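Worksheet: the structure to be examined is printed underneath.
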Amino acid sequence: MIISASTDYRAAAKAKLPPFLFHYIDGGSYGEHTLRRNTDDLADIALRQRVLSDMSELSLETELFGEKMALPIALSPVGLTGMYARRGEVQAAQAAEAKGIPFTLSTVSVCPIEEVAPSIHRPIWFQLYVLKDRGFMKNVLERAKAAGVKNLVFTVDMPVPGARYRDMHSGMSGPNAAMRRVLQAMAHPSWAWDVGLLGKPHDLGNISKYRGSPTKLEDYIGWLGANFDPSISWKDLEWIRDFWDGPMIIKGILDTEDAKDAVRFGADGIVVSNHGGRQLDGVLSTVQALPAIADAVKGDLKILVDSGIRTGLDVVRMLALGADCTMLGRSFIYALAAQGRAGVENLLDLYEKEMRVAMTLTGAKSIAELSRDSLVKR
């Protein structure tokens, strides 16, 4: 398959992956309306073309939480990344480091912190949920500190798991799920050999380290459902703020009042996110939510944004609307599944090229020069 655009990786991943894995990353919650709006609403944002601006000196570099970045992009935390490529979290982290951007490790990764962090020189970011088992939370935070993690991404939009109907149909969950997954793996021998056999162990590495026994894929859905805490409030985050002395980023903000609460709480950053359309269907797309949030808290903390970002043009749109940085989830997983580390590096090259074209033709010589003046007002 010829890869000429960042969006080509989705089809490449679909061809290579067993359906239960492809649809797990590709799908959203309920009717997937928000999933579609994330991309459709972004595509509807018109860029304002400007010419004859001498764009010979153009820079995509930025700085976030004292960390220099070659691109205003970070790789998002994605659960089970190690099921999409052999030791997938390690490969993705190495690709991110090679391109000069951060990688964020998920709580529910296959590869544990102790495997991923030493695989690169750049400090990884770590993502954590609020869970009922506070002992696990303290344990994993201590391990993250010991591994040199500086930035903590705290996900707050999963007090309960979203209803993801595709997972029932694809074999990730539902009747006879284990047998269906085995049959699907047999029909995809390349994945079965490279990841299914050579990529073992397939457990939730961060959780297994704490429990002292493997937490297998079969236990994944049940563990999530049993440990997410619907009683979560800002007060529950206070002990983590006291315990964690590095930058703390609150992920899952869609409302201006929540953004203001994050400022009052003392967060260093927020991620404007609807979890890629995987939690509450029918909420705003992130590109719809971002402008009001930027108007409310820009300058008080750093604003990151994810969900629906599929091209370098989308990155430019989000930055013009007030984001300081973007985060990629699905798109890097598609590339990782298709071509491993090399695929993620190539994906980021494509994003960079697309950004350079967009910024050259909108007259923005740097990330700081992108603003709503870079967009067509409608």
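Including glycine, each Cβ sits where the backbone N, Cα and C put it.
Pulled from Swiss-Prot:
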DOMAIN    1-378  domain 'FMN hydroxy acid dehydrogenase'
BINDING   Tyr24, Tyr129, Arg164, Arg278  substrate binding site
BINDING   Ser106, Gln127, Thr155, Lys251, 306-330  FMN binding site
ACT_SITE  His275  active site, proton acceptor
Note down the number of other Cβ atoms within 10 Å of the Cβ of Tyr24 (substrate binding site), including every protein chain shown. 23
If you measure every Cα to Cα pair among Tyr24, Tyr129, Arg164, Arg278, the residues listed for substrate, what is the largest value in Å? 19
Around the Cβ of Asp306 (FMN binding site), other Cβ atoms found within 10 Å total 26
Can you tell which of His275, Arg310, Arg330 has the least company, meaning the fewest other C-beta atoms within 10 angstroms of its C-beta, among these recorded positions? Arg310
Spatial separation of Arg330 (FMN binding site) from Tyr24 (substrate binding site) - C-alpha basis, Å: 10
Spacing of the two Cα atoms, Arg310 (FMN binding site) and Arg278 (substrate binding site), in whole angstrom, works out to 16
Given the binding-site residues Tyr129, Arg164, Arg278, which one's Cα is the least distant from that of Met318 (FMN binding site)? Arg278
Have a look at the binding-site residues Ser106, Asp306, Thr326 and say which one has the shortest Cα distance to Tyr129 (substrate binding site). Ser106
A 10 Å Cα radius around Asp306 (FMN binding site) captures, of the recorded positions Arg164, His275, Arg278, exactly His275
Most isolated by CB count within 10 A, of the binding-site residues Arg164, Met318, is Arg164
How big is the gap, in Å, between the Cα of Arg330 (FMN binding site) and that of the residue listed as 'active site, proton acceptor', rounded to a whole number? 11
Recorded positions Arg164, His275, Arg278 vs Thr326 (FMN binding site), shortest C-alpha separation belongs to His275
Would you report the average pLDDT that the model assigns to the domain 'FMN hydroxy acid dehydrogenase' (1-378)? 95
From recorded positions Arg164, His275, Arg278, the one whose Cα lies nearest Ser106 (FMN binding site): His275
Local Cβ density at Asp314 (FMN binding site) - other Cβ atoms counted within 10 Å: 26
